[in-house]
Amino acid sequence: MKSLPSFHVGIGAAMLAALCWGTATVMSKSALADVPPVSLLVLQLAGSVLVLWLVVWGQRTASGSWREITRYAWLGLLEPGLAYLLGLIGLTDMKAGAATLIQSSEAIMIVVASVVILRVAPTGRFLVLSVLALAGLVVALGLLNFSEATGNGALGVTLMFSATAVAAVYVVLSSRIALKTSPIVIVAWQQTVALALALALLPAEWLLSSDGVGLPQSPRTWLLVLASGIVQYALGFSLYMRALGTISANIAGSFLNLTPVFGLGIAFVFLDEMMTPLQLAGTAVTITAVMLISLSGQTQH
């Protein structure tokens, strides 16, 4: 049987990564009904880190020198550490579908971060498309109509935008580090560092929470929490790394704009999250504009 061309494999991997992240956001939203954010992040990362290191061990992949490890491992404090911590806290105050839509604005924030950190001037095309994307977001999130904004609190929206901005800074800083280490080793180390951060913050959540230690109370919730971590972190990141190994980053990034499409659809089916026709139109404008930004190559640094 003839194997698929690597280009098609890369596209398939990028689409599956988008499906993983859209699905995992909905799974996390469901899990947050029983498990508080920091505890959820700890459990999700623990499951993912275990799977990743088992894969690294099984493949006998070398991690490189400690000097090399420290060059990239600390970035795990940003993503998935701080980015997903803010995102999960924000998700407690907003709809899962809206969260995936905000996350799609990462392409815009990458360029903004590049302007601030690297002094890279944006193009006029980027500015126009960014205005369109943000206008679409305002409409999609129901910020022009209070009744449409139900379920999307101001704190939740703010934290989700902040999480996306942190993820963009991570991308820009990561792009400046030339590494020969296997991508799965990088992901494993960064998620291990993120897990350490989440564990350090866990006692604070226990002290501030009126319910004390927040752990899943049923086998179903345990399965949901661990599965969401593996899908979100281990599988999603590994698939995206596979995509980047066979297709260009801007093409891979354009397919990740399917994340809100999957997220909105799955949230509608499993969480009964509804959007008005006007909000759907705003969603389409945002996704289209962000995809054009990704394909333009402006996000490549």
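Just so it is clear, glycine is given a Cβ too, placed from its N, Cα and C backbone atoms.
Keep in mind the model is a prediction, meaning the values are calculated, not measured.
Summarising the annotation, TrEMBL assigns domain 'EamA' to 10-140, 155-294. The annotation transmembrane segment is assigned in TrEMBL to 38-57, 69-91, 97-119, 126-147, 153-172, 184-202, 222-240, 252-271, 277-295.
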Using a cut-off of under 8 Å between C-beta atoms, tell me which stretch among 69-91, 97-119, 153-172, 252-271 contacts the transmembrane segment (38-57) the most. 69-91
To what whole number does the mean pLDDT across the domain 'EamA' (155-294) round? 88
Which of 69-91, 184-202, 222-240, 252-271 shares the most C-beta pairs under 8 angstroms with the transmembrane segment (277-295)? 252-271
Checking 153-172, 222-240, 252-271 against the transmembrane segment (97-119) for Cβ pairs under 8 Å, the most are found for 153-172
Looking at the transmembrane segment (184-202) and the transmembrane segment (222-240), are there 3+ C-beta pairs under 8 A, with each pair at least 6 apart in sequence? yes
For the transmembrane segment (69-91), could you work out the same-chain residues 6 or more beyond its ends whose Cβ comes under 8 Å from its Cβ atoms? 25, 28-29, 32, 37-38, 40-41, 45, 63, 99, 103, 155-160, 162-164, 166-167, 169-170, 173-174, 177, 179, 181, 186, 189-194, 197-198, 201, 233
Excluding the flanking five residues on each side, which residues at least 6 beyond the ends of the transmembrane segment (222-240) place their CB within less than 8 Å of a CB in that stretch? 13-14, 16-17, 20-21, 23-25, 27-28, 30-31, 35, 40, 43-48, 51-52, 55, 80, 183-184, 187, 191, 216, 252, 256
